[in-house]
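Chemist: Sending over a structure as structure tokens; questions will come in a sec.
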Amino acid sequence: MSIQIFNSLSRQKETFVPLEEGKVKMYVCGPTVYNYIHIGNSRPVIVYDTVRRYFQYKGYDVKFVSNFTDVDDKIIKAANELGEEVHELTERFIAAYFEDVTALGCKKADVHPRVTEHMADIIQFIQVLIEKGYAYESAGDVYYRTRKFNGYGKLSHQSVDDLKIGARIEAGEKKDDALDFALWKAAKPGEIFWESPWGNGRPGWHIECSVMAREHLGDTIDIHAGGQDLTFPHHENEIAQSEAHNDKTFARYWMHNGYINIDNEKMSKSLGNFILVNDIRKQIDPQVLRFFMLSVHYRHPINFAKDLVEAASAGLERIRTAYNNVKHRLTTTVSLGDHSDEWLNKITEQKAQFEEAMDDDFNTANGISVLFELARIANIYLNETNTCKKVLETFIETFEVLGDVLGIEFAKEEELLDEEIEALLQERVEARKNRDFARSDEIRDHLQAQGIILEDTRQGTRWKRG
């Protein structure tokens, strides 16, 4: 089955057909780096990291670009409040961003372009729009002529006339029409600026992504993605800029993930329910956070609540336990039976079910349901009188491959503490005294599976980490 993507542009699922066979060009709007990212910011990072992983699983060569907005009103304000230089602030929070998303199991993009590295490209792009009549200069600012672009509103499914009703010109703005938006902003006293044909200033927010996407992926890209809140005006304005400049379709598929609520309320600083990833990942296993985020389809809203996160933690533990039990059986069983086509077919069927779920607009919720079923089947198999090496290995491989698509690690076991090892060894001594050799061997095998090497001597049992 081909991959089906819900395209925000058409508001329906479409079969994914890449611009270039076997390749995917994908752009995801990244953060404005003036603070740590909150859990709402983390959802698109996790979602589109998973989308990228699934494309790679299906054999596609993916070029994945995600930007940093490293100059912006919020950044300038934060730098002034903290008494830092803008570049110092942004460097600090870019480093913090990578720490957070790496903890969440996300891979780095192939390119993480920064606005400040593309000023010449941005200025040149704006000049072309002016030459084509799509933009105009006004007292040091440059604005986009929204009404000149015939397709404006096609992504957010709004008409220009409807948008006009709520639009207004703010004090100090020097634009011809309330719908026009800034491509270049004249510098205010004391602000960071770059030289341009229109005077000192810096770019508007929307122009940045149009330029960086074009520079790193070309005039037309396969997939442009981001949070639902970016649909309008940000992505709508990107389309207007890019298609006016390039005379080509900007992006063929638009993907938008849903919002995150906290205990059924919108997350906001005023409500005091603003959760930073940097804080929450110290309280909750980041893998549990990722598993939780993927337990709901990406287009649906998700409610972050303690009981739901705890349920996700218990669910992930069920799958990990099944995986580790299979792995333990493989390393400890001396006599293994002949392989069974019946069980191998059951595993293959689950893998096919997983692909069917992910092919259907990256339905990770259904994909996780498949992992639960795989764990259930594995537990049933482990109760068989004879188990087969081939089947056990196939279970392990399938857990690991499907887990990797979701960015979930099943193999990672917490290292036993010295005190836990000593307690198990004491229990083993008692078992041997009571001639409970089965329990003694079970403890030995469990420790060996965790890389603990035992040496029985006349003075007692010594141990070391392998």
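Including glycine, each Cβ sits where the backbone N, Cα and C put it.
Annotations for this protein, taken from Swiss-Prot, read as follows:
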BINDING   Cys29, Cys209, His234, Glu238  Zn(2+) binding site
BINDING   Lys269  ATP binding site
MOTIF     31-41  motif ''HIGH' region'
MOTIF     266-270  motif ''KMSKS' region'
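For each listed feature, how buried is it and what is near it?
Modeler: Its own atom aside, the Cβ of Glu238 (Zn(2+) binding site) has 27 Cβ atoms within 10 angstroms in the protein chains shown. In the three-state DSSP assignment, the secondary structure recorded for Glu238 (Zn(2+) binding site) is helix.
Lys269 (ATP binding site) falls outside any helix or strand according to DSSP and counts as coil.
When DSSP labels each residue, the motif ''HIGH' region' (31-41) comes out as 3 helix, 2 strand, 6 coil, counted as helix, strand and coil in that order.
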Chemist: In whole Å, how far is Cys29 (Zn(2+) binding site) from Lys269 (ATP binding site) when you measure between their Cα atoms?
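Modeler: With the alpha carbons as reference points, the distance is 22 Å.
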Chemist: So if I exclude everything within five residues of the ends of the motif ''HIGH' region' (31-41), which remaining residues of that chain have a CB under 8 angstroms from its CBs? That is, six or more out.
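Modeler: Non-local partners: 68-70, 72, 74-75, 77-79, 89-90, 93-94, 96-97, 100-101, 227, 259-260, 267, 274-280, 289, 304.
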Chemist: Are there any residues at least 6 positions away along the chain from Cys209 (Zn(2+) binding site) with a Cβ closer than 8 Å to its Cβ? List them or say none.
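Modeler: Looking at Cβ-Cβ distances below 8 Å from Cys209 (Zn(2+) binding site), excluding near sequence neighbours, one finds Tyr27, Cys29, Asn67, His234, Glu238.
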Chemist: Please determine which of the binding-site residues listed here (His234, Lys269) has the lowest count of neighbouring CB atoms within 10 Å.
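Modeler: Output over binding-site residues His234, Lys269: least Cβ neighbours within 10 Å is Lys269.
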Chemist: Show, in sequence order, which residues other than Cys29, Cys209, His234, Glu238 on the same chain lie with their Cβ within 8 Å of the centre of the Cβ atoms of the Zn(2+) site.
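Modeler: Same chain, not in Cys29, Cys209, His234, Glu238, Cβ within 8 Å: Trp205, His206, Glu208, Ser210, His224, Gly226, Leu230, His235, Asn237.
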